[in-house]
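> Here it is: the structure, laid out below.
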Amino acid sequence: MSSSTQIRPIAVVGPTASGKTAISLELAKLLDGEVVNIDSMQLYRGMDIGTAKVPPEERQGIPHHQLDIWPVTKPASVAEYRSGAIATVEEILSRGKMPIIVGGSMMYIQALVDEWDFPPTDPIVREKWQRELDVRGVAAMHQYLATIDPEAARIIEDNDPRRTVRALEVIELTGKPFAASQPPKNSTPRWNMRLLGLSAPAEWLNPRIEQRVRQMFDQGLVEEVRSLVADGLARTSTAGQAIGYAQVLDYFAGELTFEEAVDRTITGTRRYARRQRSWFRRDKRIIWIDANSPDPVRAATEALGIVSQQ
């Protein structure tokens, strides 16, 4: 790649456990690329096992960016991520390299791909809604959200306290439905980026999710969470609400048995994968390949019109 103006970054998206990491590594090797993470929980330092973060020794010498940049005590910020990720991609392009953007965090991907004026924030308003949720519970607050903004309630899971609070905050601050503040879909992507999606039907993906979750617990997820608690991880933090981490924290609190924590992590991950499939399917710019194809890397290169030089 001799000129950054000729390079169209590639984003590899799709549900969790569909094989995005493996394909991104192969594409990076094929295209002289560097990987840019767009998984919101992989931004946190120390959250390795439960986020399926690629260990340094398995990165095959390929530079990885936007990993391990936040402490677990920091509230997540899509706007802050976008600013840093744009700078990272621009720097990679300036060196004539191919950015391979990979992950499944829907809002983060949307923010990087599309031009988006973020809705306002107000810590006082957010704290008000957070206190209300702490008293009434997430299910009741989600039900309230459904009465004032049915579309917001449709796209936000009824067990997602953070997004429920954020929607109520935005509605109060803007006086408009939450969806009105969401980014446009299907416009020309930033950098004329190519979007590659891994299609993974539930009957194929669900066993992979269970296998991955059980492997995470076998590899030491409980010990990882225990060490992060010493660093300030708490159930009230963004990081502490991550699937797997929240369940282990409940296990520590005596609210779940070990096996219940495992089972709820599996269930929560499957629900999240359903949301991801639904979200990405609405984006008509995505080029889809079968995650279960005999040679997904070849399918990816053919779908993207990439001719191997090897």
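Yeah, the Cβs are placed from backbone N, Cα and C, and that goes for glycine too.
Below are the features listed in Swiss-Prot for this protein:
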- G14, P15, T16, A17, S18, G19, K20, T21: ATP binding site (BINDING)
- T16, A17, S18, G19, K20, T21: substrate binding site (BINDING)
- 39-42: region 'Interaction with substrate tRNA' (REGION)
- S105: site 'Interaction with substrate tRNA' (SITE)
- R126: site 'Interaction with substrate tRNA' (SITE)
> For S105 (site 'Interaction with substrate tRNA'), find which of the binding-site residues G14, P15, T16, A17, T21 come within 10 Å, Cα to Cα.
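So the list reads G14, P15, T16.
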> Any idea what the Cα distance is from R126 (site 'Interaction with substrate tRNA') over to T16 (ATP binding site), rounded to a whole Å?
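Each residue's Cα considered, R126 (site 'Interaction with substrate tRNA') and T16 (ATP binding site) end up 29 Å apart.
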> State the mean pLDDT for the region 'Interaction with substrate tRNA' (39-42).
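Residues in the region 'Interaction with substrate tRNA' (39-42) carry a mean pLDDT of 97 in this prediction.
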> In the region 'Interaction with substrate tRNA' (39-42), how many residues does DSSP assign to helix, to strand and to coil?
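Helix/strand/coil tally for the region 'Interaction with substrate tRNA' (39-42): 3 helix, 0 strand, 1 coil.
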> Cβ distance under 8 Å to K20 (ATP binding site), same chain, sequence separation 6 or more: which residues?
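Once residues fewer than 6 apart are set aside, K20 (ATP binding site) is near V12, V13, G14, V102, G103, G104, L198.
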> Which residues, sitting 6 or more apart from P15 (ATP binding site) on the same chain, put a CB under 8 Å from its CB?
G104, L198, A200, L205, Y272, A273, R274, Q276, R277, F280
> Centre the Cβ atoms of T16, A17, S18, G19, K20, T21, go out 8 Å, and tell me which other residues of that chain have a Cβ in range of the substrate site.
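Apart from T16, A17, S18, G19, K20, T21, the close residues are G14, P15, A22, A52, G104, L198, A200, A291.
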> Near S18 (ATP binding site), how many other Cβ atoms are within 10 Å of its Cβ?
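Neighbour count, Cβ to Cβ under the 10 Å cut-off: 26.
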